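K.L.:
Here's the feature list from Swiss-Prot:
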BINDING   LEU10, SER11, GLY12, GLY13, LEU14, ASP15, SER16, ALA17, THR18, VAL19, VAL20  ATP binding site
BINDING   CYS189, CYS199, CYS202, CYS205  Zn(2+) binding site
Amino acid sequence: MTDKRAVILLSGGLDSATVVAMAKAEGYSCYTMSFDYGQRHRAELNAAARVARDLGVVEHKVIGLNLDGIGGSALTDSNIDVPEAPSEGIPVTYVPARNTVFLSLALGWAEVLEARDIFIGVNAVDYSGYPDCRPEFVEAFERMANLATKAGVEGQGFRIQAPLQNMSKAQIVQAGMARGVDYSLTVSCYQADDDGRACGKCDSCRLRADGFKAAGVEDPTRYFSKVF
């Protein structure tokens, strides 16, 4: 293998689109992976496909999972309302073990591709408080990846890269703009409609809108309602 390959988790949202652009700017051949996991905001899958095309990735995979069969999250269980105000502690929009599952499948693909880098757009500054977005989780998963794989045991270790980890949402927006990300293609809303329009009320919408405002960048998000 002569090219520098990376597998990148691409949800279709602002953060993951920025990560794809950052990896590409670093010279990686980008292979993106999205998941149809029973999320109520399935419009993000269409957004992920748009972003992958626009940024010219080598290959984009969509993996089907039934995390809605497990439930326990407002994002996968229609009986749990998506909150419209920030809450204390870990919110009900946390999907149990989601990033662990996603990274595990990305790890498998990376091993097949002989890619040594896996990128994820987690952030621990302007975020919702999910435990699987913290630096401790990313570091622990990397250690596990190099214990649990043939490549890792043979000394061809993996790196889990989280370049947005310590960036504010405004800094993320600015980084993406500098690398040509078209944020109008992305969907971040937890309850976006089928056309990709955002609710303007959930925590993800609030963080996104605040990020554009703080960055001094016009918000390209389409809303079906907005309370900010």
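Every residue gets a Cβ built from N, Cα and C, even glycine.
Where in this structure would I find these features, and how exposed are they?
P.N.:
Note on THR18 (ATP binding site): other Cβ atoms within 10 Å of its Cβ, all shown chains, come to 28. According to DSSP, THR18 (ATP binding site) sits within a helical segment.
Around the Cβ of CYS199 (Zn(2+) binding site), the number of neighbouring Cβ atoms within 10 Å comes to 20.
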K.L.:
Determine which residues of this chain, when LEU10, SER11, GLY12, GLY13, LEU14, ASP15, SER16, ALA17, THR18, VAL19, VAL20 are set aside, have a Cβ within 8 Å of the centroid of the ATP site's Cβ atoms, and list them as they appear in the sequence.
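P.N.:
For the ATP site the neighbour list reads ALA48, VAL51, GLY121, THR186.
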K.L.:
An 8 Å radius from the center of the CYS189, CYS199, CYS202, CYS205 Cβ atoms defines the neighbourhood of the Zn(2+) site; name the other residues of that chain inside it, in order.
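P.N.:
Not counting the recorded site residues, we get VAL82, SER188, TYR190, GLN191, ALA192, ALA198, GLY200, LYS201, ASP203, SER204, ARG206.
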K.L.:
Can you tell me the three-state DSSP label for CYS205 (Zn(2+) binding site)?
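P.N.:
The three-state answer is helix.
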